[in-house]
2 protein chains.
Amino acid sequence: MKVSKFGGSSVASAAKFKQVAQIIQADKERKMIVVSAPGKRYADDTKMTDLLIALAGKIQLGEDYVEEFGKVIDRYREIVTELEMSEEIITEIIDNIDSLISLHKNDPFRLLDCLKASGEDNNARLMAAYLQHLGEEASYVNPKEAGIFVSDEPGRARILELSYEELPKLKEREGILVIPGFFGYSEQGNIVTFSRGGSDITGSIVAAGVKADLYENFTDVDAIYSVDPRLVEKPCEMKEVTYREMRELSYAGFSVFHDEALEPVFKSGIPVCVKNTNNPKAKGTFIVSKRKVGDQPVVGIAGDKGFCNIHVDKYLLNREIGFGRRLLQILEDEGISYEHTPSGIDNISVVMREHQLTPEVEERVLDRIQTELEVDNISIERNLALVMVVGEGMNSSVGIAAKATEAFAKAGVNLEMINQGSSEVSMMFGVKADALEKAVQALYNTYFNKMYSISYSSVK
Amino acid sequence: MKVSKFGGSSVASAAKFKQVAQIIQADKERKMIVVSAPGKRYADDTKMTDLLIALAGKIQLGEDYVEEFGKVIDRYREIVTELEMSEEIITEIIDNIDSLISLHKNDPFRLLDCLKASGEDNNARLMAAYLQHLGEEASYVNPKEAGIFVSDEPGRARILELSYEELPKLKEREGILVIPGFFGYSEQGNIVTFSRGGSDITGSIVAAGVKADLYENFTDVDAIYSVDPRLVEKPCEMKEVTYREMRELSYAGFSVFHDEALEPVFKSGIPVCVKNTNNPKAKGTFIVSKRKVGDQPVVGIAGDKGFCNIHVDKYLLNREIGFGRRLLQILEDEGISYEHTPSGIDNISVVMREHQLTPEVEERVLDRIQTELEVDNISIERNLALVMVVGEGMNSSVGIAAKATEAFAKAGVNLEMINQGSSEVSMMFGVKADALEKAVQALYNTYFNKMYSISYSSVK
């Protein structure tokens, strides 16, 4: 049995609904369907979630929200009309949104969260109705009914373990089950959303909960590429990638997969297949526990901008026990998370996402470091990018670092930092943000383009 | 005016005393002389300091110590006899040691520290007497008289700032001043030693205190080599090296210079010259504030064994604010200092000197990490070596990392870790301890042996 999740672009219009239905009908194993809210139909289109956020905004301001409400309903109505379905489902959706508004109108934060969740919720109702319309035995399953219980943290819910006791019961139900992604219910009965892109999380939880044979993740690309196609032209596809590799890639700028979504399937060892709704015959990319490394130790390259580096100098720093801990404590007090802390004998650097350092936070942090740690010098380097080379075969392969650094040197990219030694599947490089494209292209040429390839294997 | 320090091997015998006297007499600028205790005269010889430690041991056990006392006096007497000096100085030395023993016999820790210090102290008395014997105006200056005041931490004294108010007064004194290295006096009047090799520290403090033009450090090599000659055969000499470079090299296994000794001269910007007592005409190595980098961005390579790595895995670790800080707190509670903390998305490693992890400490640390941080997995990798590539030109030079990693790859050395990004003058590599020689040799060939050289400069 397969759990199949369809992302926003796969359920954005009537035409897409037809494609999805065909995919579901083509394989009887596709019994549990998780859907996102309608995504963009064209480049300038507005996603359903954003229409719902706009609606919530108007209500919060106490302003008239007829227009925004209308836009939401029109997106659903267009799908229903084109699919020649009964208007009944639209009445159901209107009632649902109305009841959310009257229930939460005095709690703007909760209202926003529920309205956002309704995008997925009502789209699941619509998909179930459409499958019934096509003659399939299909039913909408509310996350509460399914047993998706989460922590009561709107916008960043975490799954509660008790869900995994409830979810297996879904297998007893007949027909195709359509479950909305993106949210669950708190134990108090509140609707609570995961972080954005969280339909992937729902799909993964359901797949783990029912012990599916495969978790299919339908999106709009034939496969996951070895590198972001915005950085390198026509990069090669990944046939197989491990959970660990995928997680490292997602982290450093790969937007294909939601970072957190792989945890439930990873823990249950359920393979994932990323497939294309528009071209379901393409084999897609399999995300698995283990893969044969073969002659390709590196599976992908990712890069992301928006990092900065706080650099601290203090003579004889390395003899001061507790210095690093006290530095990290200051950052922790400000709620700052960091990526990496390269260190020297008399200095230490902390690399972090730049957006965390607002002017006020920066002033407080620098002031505390200066006065509490009595440093000789402190400076911030901005506009950094991190580049990750990822692959299960890296740890055992002599020369991986050599190839990377040689590629950078030949491309004239100066390395601001190298972080290698903890992860067995990745190597991290810091470069200036404006060198990111050049750096990624150089690495891609080295690892994936046979024309540029150099081998160190003969000397081992 | 120069401060000239003579290490243990330079003052080990009567013949060495003659050489030192000639060196002092050859340059009228050599007015402040700092001496170590007599060192080894031949490979199997015992250093004076070790004779004194043996003596202290016997006294502490309440055993008869005539033999040990005799060995100490015999070393001095041999020098006095060969130099045809008056026996008077020997009586002085015996009285000195006798008085230390009767003063501290009930305080074994203090006794040990004072006896160790007496090795330098009495050797300075002897050197001053010999210079007088040669007709020079020379005098022994006790560290208390010189104004060397230190914290009351036997074996790891730190200089007190008030010393720098006292030391300049030395310049008012006539003739050659001979000052024992290795110890100072606490404000309570106790003799307190620096860490071992601390005569370098005394020399450096005196040079800074009297604002010398040059601090000469006489040892038994013509210069400091670019790499440890035990690891690479006949390595090239360093003509000039900066304080920062020297400190990084000392740290990672260069035993030429005591790690802490450069601080006073570094702060006062006084150049240091490391020279050979046996070949004073050799120019030696200058340690300076700034050097011209030219076409040699790397000045030296150092490596040291005896490191280990605690590796921790935890899924979604990078989202846990405070994880790194809490990990370092556990180490701090055990008084463990660490070298480097490479990190990945779901893991972090802490590299430290292995000797700190006694079985009991290891058990406590691992247990606390496991239970308090709820990690998925924890492991220790032992027998690691760290290799440092050091040079002021590294930061601005594209391809330094590439050359290093290529050298490792070609030599078949697997890189356990790379730490680059904080220090402007060094890059740190982790390799298995048994690959240290191969790794250092490979780097030496790359950076210093023109035959192996590859240039990336043309592509910048």
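Glycine residues also receive a Cβ, built from the backbone N, Cα and C atoms like all the rest.
Straight from TrEMBL, the features:
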- B:Lys5, B:Phe6, B:Gly7, B:Gly8, B:Thr219, B:Asp220, B:Tyr225, B:Arg230: ATP binding site (BINDING)
- B:Thr49, B:Glu120: substrate binding site (BINDING)
- B:389-459: domain 'ACT' (DOMAIN)
Mean predicted confidence [pLDDT] for the domain 'ACT' (B:389-459): 83
Protein Cβ atoms within 10 Å of B:Glu120 (substrate binding site), excluding its own: 28
Listed in sequence order, residues with CB under 8 A of B:Lys5 (ATP binding site) and six or more positions away: B:Ile33, B:Val34, B:Val35, B:Ser36, B:Gly181, B:Ser199, B:Asp200, B:Thr202, B:Gly203, B:Tyr215, B:Glu216, B:Asn217, B:Phe218
Among B:Gly7, B:Thr219, B:Asp220, B:Tyr225, B:Arg230, which are recorded as binding-site residues, the nearest neighbour of B:Glu120 (substrate binding site) by Cα: B:Gly7
Rounded Cα separation (Å) that holds between B:Asp220 (ATP binding site) and B:Thr49 (substrate binding site): 18
Three-state secondary structure, which DSSP defines for B:Phe6 (ATP binding site): strand
Spatial neighbours, same chain, of B:Phe6 (ATP binding site) - Cβ under 8 Å, 6+ residues apart: B:Val20, B:Ile33, B:Val34, B:Val35, B:Ser36, B:Phe218, B:Thr277
Nonlocal residues around B:Thr49 (substrate binding site), in sequence order (Cβ under 8 Å, 6 or more apart): B:Gly8, B:Ala37, B:Lys116, B:Gly119, B:Arg196
Site diameter for ATP, Å, by largest Cα distance between B:Lys5, B:Phe6, B:Gly7, B:Gly8, B:Thr219, B:Asp220, B:Tyr225, B:Arg230: 25
Helix, strand and coil counts within the domain 'ACT' (B:389-459) (DSSP): 33 helix, 13 strand, 25 coil
